[in-house]
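K.L.:
Right, I'll just put the structure down here and ask away after.
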Amino acid sequence: MARTDPKKDVVIIGLGWTGAILGMEMAKEGLEVLALERGEDRDTIPDFQYPGVIDELKYAIRYGFMQKPRNSTLTIRHGVNDTALPYRHLGSFLPGNGVGGAGIHWNGQTWRTQPAELRLKSYVEENFGADIIPEDMQIQDWGVTYEELEPYYDRFEKLLGISGKAGNLNGEIQEGGNPFEGPRSNEYPNPPLANTYDSELFAEAARKKGLHPFPRPAANASRAYTNEYDMQLGPCNYCGFCERFGCLNYSKASPQTCVLGALKRMPNFSYKTKAEVLKIEKAADGKTAKGVTYFDDNTGEEVFQPADLVLVCAYSLHNVHLLLLSEIGQPYDPATGEGVVGRNYCYQMTGGTSLYFKDKKFNPFIGTGAEGMSIDDYSISQIDFAKEGFIGGSYITGGHTGGRPIGQLSTPPGTPKWGKGWKEAAGAWYNHKMSIGSHGSNMSYRDCYLDLDPTYKDTHGRPLMRMTFNWKPNDIKMTQFMKGKIEDVAASMNPDQMASGYKKEGSQYDTTVYQSTHNVGGAVMGTDPKTSVINRYLQSWDCHNVFVMGASAFPQNTQYNPTGPLGALAYWAVDALRNDYLKNPRPLM
Amino acid sequence: MKTFLRIIAALVVLGVIALLAIIFVPVQRTKPTQDLAANWTPEKGAPLYAARMADCAACHTAKDGKPFAGGKAIESPMGAIYASNITPDKKTGIGNWSLDDFRAALVDGVDDEGHHLYPAMPYENYRHLSETDIRALYAYFMNDVKPVENDVPQTALAFPFNQRWGIRLWNWVALDTPGFHPSDVVAGDDQLARGAYLVQGPGHCAACHSPRNAIMAEDGKTAASDSFLSGGEVGGWSAPDLRHAGAPAQMWSADQLKAYLTTGRNAHSAVTGEMGLAVEHSLQYMTDADADAMVAYLHKIRLGQPPSGANAQMTAEDPAQLPNRVARMDSARDKTSAMLVAGKDLSAGARLYMDNCAACHFSDGKGAPGVFPSLGGNSIVTADQTTGLIDVILNGAAMPSTAKRPEAFKMPGFAHRLSDADVAQIASFLRTAWGNDAGSVDAAAVAKLRQ
């Protein structure tokens, strides 16, 4: 029989970015808050301390900070008629584990969605007509506009101390910034990072083509910074170990560096690690949740934790899994198109071109997770979808995140894969390669979704979640469009050799090759309970005291990295909770 | 001859009588310096504030122990002195102490039974406490602290230091007038007088920051003495000079000194060692007005003129504020920074610095304001006692988490990675880099401190 612990006002599932923010804001309301984190506790010292954390084999190749598939995974298949198999080895995406979640091992690329992206369906219909939307595409509006979210983007950027250059300040286009971004109320809190040589070369070539390069917004602090919780960041040292690593330098924004030190001082906040939530428990009325049941790995028992408010703040895939297991919201059925939980799972379409120059040295070991010069000239708001025959867009960046010897060493096409030839080429080209990458949108489709697997179970006996996903012609067309644009700029830079990698007609989703940990959707937000799991305030349509944070709320994926909107939405939900829900708990829509 | 013997005998007898008197005649307790009504009660919040300002927890709360239950070993040159249990527990704490007993401990250094306390208890300083603060402290320990039954280890120093009556003699020489007497320096200025009171009394700054004289008493208990706060020693670490114009505490702006005291960090440096505990348990709770008063007073009692050009780095445009690392490297003009950026013919110490330290402290040695301490002009780096510097390199350091600056920044230790010779080379490099001018460190000194 499960142990029952004393009731809390708020229970938070997962202590990453959104869990930390919600924890802080609810604790500031004077509520008793408990966060449950299934992984280990983590802090800069000792977990990310120099030089132990700069171990590529341990952390980047053997995934030291990631979840272990033996503890938690899902099954994956390409289509509804296939049999899904477990994702037994991490590859395509790398969910984080432990306190801080993926917020400790991200690169720090922090974007805002374009205004058009937040009302994508309306935007497409208004500008190009509803008939350009392919029959199986299920894009929709988010239910919140850019204008509404702007103050929350601003707050989140200030929380993280983003280094960047505004391109649109209150409607005025700013030289050197991104002219295609939505209007911002403020400049970035910190100036841009220094550029590396390859970023400069790309920017110069882009400018010559009439494009508009700007520094990629970075959560790697360019100087010492103090945020609203009085938490501090130190200046980044360009060590090149962001992605897959915790930051040794207190420079990369993470829940640890931006929130947790202050949050742990709050007497009404506490957190438990090695506490995996198994289920959100519904009250007898079925209209609210009464708490959560979790497995306490410290004592080896199941615990029922009663609470008035349940905040689901786990990784997007786990949010959806928990809702399915807890039977909160009707599971999506692709055959009928009915149901919502698991609907509109999306991924990220990326591609890139490598450029090899015999006479240029790039010192790739100097890098940061978000350094680079980007262009947004081929973003969603800048493309004539009717003319190009696809819906979507990408941002394109020249730059690099590091020069690690195993994962970030590449050799030109035709190089042997091993032996003397490889060694010679690796030595010859390590310092002479740069790349230009596209980071693009992925639309939602009727048969790309998440549900419970009929066969496989996890260590607690619960069905694994099943992902059904494959690339679609619309998104492949989009990435092929980007290939053309990038190769055009790349060729103008006169490299000695070039190599491109983009999805092409017939490309199948490959789970073994890393692409991005930007799994979104499945518990999407909206204004219609028939097509969304949560309303525009991230509140469950079915249980009004359950709020679901994170990128699982995205109705389709944007062209950008998800952390910016995920953070803005968290603060947006905080305001709805603080100003409305807590005073009078009820469905807000 | 007989007369002489008689005189000797008489002297011996007198001596014995005096000795017996010293040992057995109870100490005359000092009377309150202010007559307060018996039913006087401190203002709400004053008891906790007084206990925090006097930083009783620093010694009387053991690491991971219950608040004020004692047991922490205070290392002294004579041996370990165990802090007593000052919770209101009647059996093992001070639950049976009267207000007069309590005052006598703070002012005269004697316990409720008249036994002398070792001067590790800073009654040299606490005897300057106001009667209102003494009453507030008494109220705090009697009413607000939870009684904890905890028998602390008996302090057992070697002979002759185990003869507590000897402390009576010491007190005659060491102690000055009880109560707070504002000096001429602060006359007529309420803020300065408050600052002087906080520094001399509850803050007991002199306990560490004044040197000790031949009998191990504080050499300088008020600003009337030039030795006051001119630098002392605690636990083998130098407690820096706060007084002379060239000392960091005097070169920092008032805002920076205030930030250091109340948040454990400022644009130039950060606390570590014992001072970290003082900030964590006491100074961070100072009201704004008290912090301003303390800072104003410390700057008022400055001695001498700053050495020419010495504080240029504190006042000129600070490169640590530049927008990125590259701009900072480009802007560095001093000899050490230029040498490190050029990277040619570096000494072993300089190379080790680049490999182990420069990521945070930068090649200009300035670190980052409020985050990574500057190493140029840093008092731990240049202290005569190298214990602190070596200890930090070997074992790391941590800033306290404070309400205004909650991030408990930690520097990792390098003991597992650097040999004694490596540490000595880095330390020696630091002590002559960026204008620092202090002697070198040898590997034997590191070996002694490596645990």
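Just so it is clear, glycine is given a Cβ too, placed from its N, Cα and C backbone atoms.
Grabbed the feature section from TrEMBL, which reads as follows:
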{"type": "BINDING", "residues": "B:C56, B:C59, B:H60", "note": "heme c 1 binding site"}
{"type": "BINDING", "residues": "B:C205, B:C208, B:H209", "note": "heme c 2 binding site"}
{"type": "BINDING", "residues": "B:C357, B:C360, B:H361", "note": "heme c 3 binding site"}
{"type": "DOMAIN", "residues": "B:40-145", "note": "domain 'Cytochrome c'"}
{"type": "DOMAIN", "residues": "B:190-302", "note": "domain 'Cytochrome c'"}
{"type": "DOMAIN", "residues": "B:344-434", "note": "domain 'Cytochrome c'"}
{"type": "TRANSMEM", "residues": "B:7-27", "note": "transmembrane segment"}
K.L.:
Excluding B:C357, B:C360, B:H361, please set out which residues of the same chain place their CB within 8 Å of the center of the CB atoms of the heme c 3 site, keeping sequence order.
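P.N.:
Result: B:Y353, B:N356, B:A358, B:A359, B:F362, B:G367, B:F372, B:L375.
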K.L.:
Given the binding-site residues B:C56, B:H60, B:C357, B:C360, B:H361, state which is nearest to B:C205 (heme c 2 binding site) when distance is taken between Cα atoms.
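P.N.:
Closest by Cα distance to B:C205 (heme c 2 binding site) among the binding-site residues B:C56, B:H60, B:C357, B:C360, B:H361: B:C56.
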K.L.:
Excluding the flanking five residues on each side, which residues at least 6 beyond the ends of the transmembrane segment (B:7-27) place their CB within less than 8 Å of a CB in that stretch?
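P.N.:
Residues 104, 108, 110, 114, 116, 165, 168-169.
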K.L.:
Taking the recorded heme c 2 site as B:C205, B:C208, B:H209, identify the other residues of that chain whose CB atom sits within 8 Å of the mean position of the site's CB atoms, giving them in sequence order.
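P.N.:
Near the heme c 2 site, the remaining chain residues are B:H204, B:A206, B:A207, B:S210, B:L229, B:G232, B:V234, B:A239, B:L242.
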K.L.:
Run through the Cβ atoms and count how many others sit within 10 Å of the one on B:H209 (heme c 2 binding site).
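P.N.:
Excluding its own Cβ, the number within 10 Å is 26.
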K.L.:
Give me the DSSP three-state residue breakdown of the domain 'Cytochrome c' (B:40-145), ordered helix, strand, coil.
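P.N.:
Grouping H, G, I as helix and E, B as strand yields 40 helix, 10 strand, 56 coil.
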K.L.:
Ranking the binding-site residues B:H60, B:H361 by other Cβ atoms within 10 Å, which is at the bottom?
P.N.:
B:H361
K.L.:
Cβ within less than 8 Å of a chain A Cβ is the test here; which of the binding-site residues B:C59, B:H209, B:C360 meet it?
P.N.:
B:C360
K.L.:
Sort the residues of the domain 'Cytochrome c' (B:190-302) into helix, strand and coil with DSSP and give the three counts.
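P.N.:
Its residues fall into 54 helix, 11 strand, 48 coil.
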K.L.:
Using DSSP, how many residues of the domain 'Cytochrome c' (B:344-434) fall into helix, strand and coil, respectively?
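P.N.:
Its residues fall into 37 helix, 6 strand, 48 coil.
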K.L.:
Looking at Cβ-Cβ distances, which residues of the chain lie under 8 angstroms from B:C59 (heme c 1 binding site) while being 6 or more apart from it?
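P.N.:
Spatial neighbours, sequence-distant, of B:C59 (heme c 1 binding site): B:K72, B:I74, B:A83, B:A120, B:M121.
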K.L.:
Relative to the Cβ position of B:C56 (heme c 1 binding site), how many further Cβ atoms are located within 10 Å?
P.N.:
24
K.L.:
Other residues with Cβ within 8 Å of the Cβ centroid of B:C56, B:C59, B:H60 at the heme c 1 site?
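P.N.:
Other same-chain residues with Cβ inside the cutoff are B:D55, B:A57, B:A58, B:T61, B:F68, B:G70, B:K72, B:A83, B:I86.
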K.L.:
B:C357 (heme c 3 binding site) has how many other Cβ neighbours within 10 Å of its own Cβ?
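P.N.:
Other Cβ atoms found within 10 Å: 22.
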K.L.:
Give me the non-local Cβ neighbours of B:C360 (heme c 3 binding site): same chain, 6+ apart in sequence, Cβ-Cβ under 8 Å, ordered along the sequence.
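P.N.:
B:C360 (heme c 3 binding site) has long-range Cβ partners B:G367, B:A368, B:V371, B:F372, B:M411.
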